[in-house]
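TrEMBL lists 1-40, 54-83 with the feature region 'Disordered'. According to TrEMBL, the compositional bias 'Polar residues' annotation covers 7-20. Sequence annotations record features per position, and here TrEMBL assigns transmembrane segment to 131-152, 172-191, 203-225, 231-249, 318-336, 366-388, 437-457, 463-482, 494-513. Per TrEMBL, the feature active site maps to 450.
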């Protein structure tokens, strides 16, 4: 209960007949004093003061009403106010309007059951903005010291050929291969056009799609293995080839299902969930071209579109993309390269030394991984979506809050997750394959493409990436068990962060680097 206090504007309270005030309480009291029962007004004033004092015990702000009441006005009613008058005068003697708070000793200080803010039952109900700011300050301080220490130890390691080197000019076979990959999309369109007009049979359509999609992956693999190109160029080509393969599979699978729906409609056995748009199957070259450049891996004839392109927003995102890409390159050149070059093979050297290298590599590797995620999944995909007016921009969810490894894989890369669910997992379930086997097949496909994107550019087939992805299957069971056992959102989340940031990625980086260096040394000796 808070009562605003308005100072008395009258200079002479006796001549004006009372103090002038804008307070609602004083106005009501003056109206009651004009009534015949003045004793009731005095009694009500006394009860109001007691109520104000008792409310003040709850910690509310109370301004003294006695400072606004003229004691002479009570006498003018013909009654002696006695104790009430004394209490008002005592408040005026204590400082009048300067008294802002009243907290009596008799008021209880403890009234309810309350938990500490950091207790397990209350920690997620509180705001931790201050602790977040503290973490930012600590990170800035610690990393500033590490930057200074690194420059003092190694010097400035960023070379002039960081953005572009003369060796990149020798990778023209990879560039030509990249430019010819859209031919397979055109071939898939021609196959669908012939199938729509029923010029070729369904088995022939399936065979041709398998042939073209497989060639779209094997052709870049053969080009990379036949050329001694830069690893980064090979990784870029393999990523593009895998994206083309995923899109071709989705295009073929979706059109196959739409033809099945259209045939069922022609036979009078239309599905209950099939709309008229789905039943009227048609192949459009324009929709295929849009799909091949859109930031999605799942084909459909039309997509939700935005009204316009925000050009200023696109420019700002491009600036962010350049800044964070440069920051990522700085970390790689200044931190990761010296650590990796001064390390030993983690499976052949001293165990404690290998652990020290992995832990030292985990922090800069985590920064690069987060920058990569932000640059690609947030900035680049949103830029591409804005330029194409692509409406569905859920490219990721809050994977950093994942309670289990399974939740992480379902939230961190939504385009791939939607593709896996749509074209592998649920088709397996529809063919009566058990859920565990369907999950195994899904991770197997993911592991194969992870291995292709790393092993082929490095010319090393040690299956480290494949093993790392397949190792996620027991981790899914372990984190699900812990989540169900402890009912805590922190246990599985901490295991996820430890596996991915401390153990998994730094270990794979060291393994592939030393295998690559050993391969180069063997090749040069020959």
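Keep in mind that glycine also has a Cβ here, set from the backbone N, Cα and C atoms.
Curation does not apply to TrEMBL; its annotations are automatic.
Highest Cβ pair count under 8 Å relative to the transmembrane segment (494-513), across stretches 172-191, 318-336, 437-457, 463-482: 463-482. Note: the stretches the transmembrane segment (203-225) and the transmembrane segment (463-482) are not in contact (fewer than 3 CB pairs below 8 A, sequence gap of 6 or more). Under 8 Å from some Cβ of the transmembrane segment (366-388) lie the Cβ atoms of residues 290, 293-295, 306, 309-310, 313-314, 317-318, 320-321, 324-325, 327-328, 331-332, 336, 395-396, 412-413, 415, 501, 505, all in the same chain and six or more residues away from its ends. Cβ atoms under 8 Å from those of the transmembrane segment (172-191) belong to residues 200, 205, 208-209, 212-213, 215-216, 219-220, 223-224, 226-227, 229, 233-234, 236-237, 240-241, 244, 247-248, 251-252, 283, 285, 288, 292 of the same chain, restricted to positions at least 6 beyond its ends.
Remote same-chain partners of the transmembrane segment (437-457), defined as residues 6 or more beyond its termini with a Cβ less than 8 Å from a stretch Cβ, comprise 217, 221, 224-225, 229, 231-235, 237-239, 242, 416, 420, 424-425, 428-429, 463-470, 472-473, 476, 512.
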